[in-house]
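S.K.: What Swiss-Prot lists as domain 'GS beta-grasp' is 26-113. Here Swiss-Prot flags 120-456 as domain 'GS catalytic', drawing on sequence analysis. The Mg(2+) 1 binding site feature in Swiss-Prot is assigned to Glu143, His256, Glu345; the stated evidence is similarity to another entry. Feature annotation from Swiss-Prot assigns Mg(2+) 2 binding site to Glu145, Glu200, Glu207; the stated evidence is similarity to another entry. The feature ATP binding site is assigned by Swiss-Prot to Glu195, Ser260, Arg327, Arg332. The L-glutamate binding site annotation in Swiss-Prot covers Asn251, Gly252, Arg309, Glu315, Arg327, Arg347.
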Amino acid sequence: MTEDNVLTDGGLSAEAQAVIDEIEEKNVDFLRLQFTDILGTVKNVSIPASQAEKAFTEGIYFDGSSIDGFVRIQESDMRLEPDPSTFAILPWRKKENSAAARLICDVFNTSTGEPFSGDPRGVLKRAIERAEDMGYDINAAPEPEFFLFEEDEDGSATTITNDAGGYFDLAPKDLASDVRRDIIYGLESMGFDIEASHHEVAEGQHEINFTYDDALSTADNVATFRSVVRAIAAEHDLHATFMPKPIAKVNGSGMHTHISLFKDGENAFHDGADEFDLSETAKQFTAGILEHAPAVTAVANPTVNSYKRLVPGYEAPVYIAWSDRNRSALIRKPAARTPAASRIEARFPDPSCNPYLALAALIHAGLDGIERELDCADPVRENIYEFDEEKREEYGIETLPKDLGAAVDALEEDEVIQNALGEHVTEKFVEAKRSEFKDYLVAVSEWEIDRYLETF
């Protein structure tokens, strides 16, 4: 038992007691107990700070049947157990004499007392445990991009971007530097280590990079990042969206995800004797992701809109290949200054994904490659966007699913990724995504009206 988990006389772990002390010290009057549903939507219940000790010792009960994809009404009682390591003051709720804070929770099944199999955070924990059983610790660093849009006089989002800036632009083209600065202040106050921020390629598109962490903390950070960005953008009368492709014919928003494995404190992905500084373990992990990419796409690119981003010409990957330099490939090996920084970058996830499920799917896919000792194809250094079908066949390069329906088909054919998610999550996720795609197929878009209404 670690020092943090040693129980105090009051039945609290030392870590939980430290949170109670901080609540009193910082005049926290309300706590948000947060978790995510299967689709990645953040849910929360607010409790008075006076109930914090009870939350740690007994948990907080809620109706799981009211959460999409959780349980049926006849088995609805669920329990939230807060993770004390996730305690953070909400910067946009801090006042002179009071504050609100957040704790991320694990979800438990009250009938069995076991972790709920439909809890996305639990799904990722199982992936991490599998890696640990193989002797690996996982580090990850995502890069979620987002757009800022103007709000109308009623506070509703418009499709007017906040500026006309481009990649790395400065003011006056970049009108969001103050917004990004305030977002960074908020993130840093919640424990983020920020590396850089900048305007992205498209008008109104932005990126704020934070440092890598262990896989669970990284997924927690993505969920937190999205909440902070939206809340602080709203203070500037702007609407922040992580929709992958809100504007046609410009770059969409991705969430490039850097991953590395460590073993006995050393980077298991590094081999200085290799041409690409990649170990055999790294290549096998890469091969696993490439093999399972069609199924992983359903989880990492989970919306109809995701596939409007995954098209040639806008710096988003379409073809299943890897490269040591080429950004048109699905997976890239970024340059690393030190052996500890050796990693791979999965370029296909987007920020609409559930970060817990997406990371779990990537991890299981990669570990499957290691367990089966898969051979990794040679890297492709040419621009794959310029390949014709014959040349892609020559290189053995397959294409990602063209839409959400095809991605879900791939998921239903891939037992490794189904096992990664677990039976409950797979069933509920597929059901939700089939319904979403069906709704999309019968919807009549503005494009169709413009194209056909006066033509026929």
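The backbone N, Cα and C atoms fix where each Cβ goes, glycine too.
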S.K.: Cα within 10 Å of His256 (Mg(2+) 1 binding site): which of the binding-site residues Glu145, Glu207, Arg309, Glu315 qualify?
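M.R.: Near His256 (Mg(2+) 1 binding site), where near means Cα within 10 Å, the binding-site residues are Glu145.
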S.K.: Please list, for the domain 'GS beta-grasp' (26-113), how many residues fall into helix, strand and coil according to DSSP.
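M.R.: The domain 'GS beta-grasp' (26-113) comes out at 22 helix, 39 strand, 27 coil.
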S.K.: Does anything in the same chain, at least 6 positions from Arg309 (L-glutamate binding site), have a Cβ under 8 Å from its Cβ, and if so what?
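M.R.: Correct list: Pro244, Lys245, Gly252, Ser253, Gly254, Asn301, Ala316, Asp350.
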S.K.: Far apart in sequence but close in space: which same-chain residues, 6 or more away, have a Cβ under 8 Å from Glu207 (Mg(2+) 2 binding site)?
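M.R.: Expected: Glu143, Pro144, Glu145, Phe146, Ser197, His198, Glu200.
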S.K.: Would you mind ranking the binding-site residues Glu145, Glu200, Glu345 by how many other Cβ atoms sit within 10 Å of each Cβ and giving me the lowest?
M.R.: Glu345
S.K.: At 10 angstroms around each C-beta, which of the binding-site residues Glu143, Glu195, Glu315 has the fewest other C-beta atoms nearby?
M.R.: Glu195
S.K.: Around the L-glutamate site formed by Asn251, Gly252, Arg309, Glu315, Arg327, Arg347, list the extra residues of the same chain whose Cβ is within 8 Å of the site's Cβ centroid.
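M.R.: Neighbours within 8 Å of the Cβ centroid, excluding Asn251, Gly252, Arg309, Glu315, Arg327, Arg347: Gly254, Tyr314, Ala316, Pro317.
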S.K.: Which one is it: of the binding-site residues Ser260, Arg327, Arg332, Glu345, whose Cα lies the shortest distance from the Cα of Asn251 (L-glutamate binding site)?
M.R.: Arg327
S.K.: Within 8 Å of the Cβ centroid of the Mg(2+) 1 site residues Glu143, His256, Glu345, which other residues of the same chain have their Cβ?
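M.R.: So the extra residues in range turn out to be Ala141, Pro142, Gly254, Met255, Thr257, His258, Ala346, Arg347.
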S.K.: Write out the long-range same-chain contacts of Arg327 (ATP binding site), meaning residues 6 or more apart in sequence whose Cβ is under 8 Å from its Cβ.
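M.R.: Expected: Glu315, Arg347.
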S.K.: Give me the non-local Cβ neighbours of Ser260 (ATP binding site): same chain, 6+ apart in sequence, Cβ-Cβ under 8 Å, ordered along the sequence.
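M.R.: In sequence order, Ile138, Asn139, Ala140, Tyr212, Asn267, Ala268, Phe269, Ser342, Arg343, Ile344 meet the Cβ cut-off.
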S.K.: Quick check: which same-chain residues outside Glu145, Glu200, Glu207 lie with their CB within 8 A of the centre of the Mg(2+) 2 site CB atoms?
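M.R.: Same chain, not in Glu145, Glu200, Glu207, Cβ within 8 Å: Glu143, Pro144, Phe146, His198, His199, Val201, Gln205, His206, Ser253, Gly254.
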S.K.: Look up Gly252 (L-glutamate binding site) in the DSSP assignment and report helix, strand or coil.
M.R.: coil
S.K.: Taking the Cβ of Gly252 (L-glutamate binding site) as the centre, how many other Cβ atoms fall within a 10 Å radius?
M.R.: 26
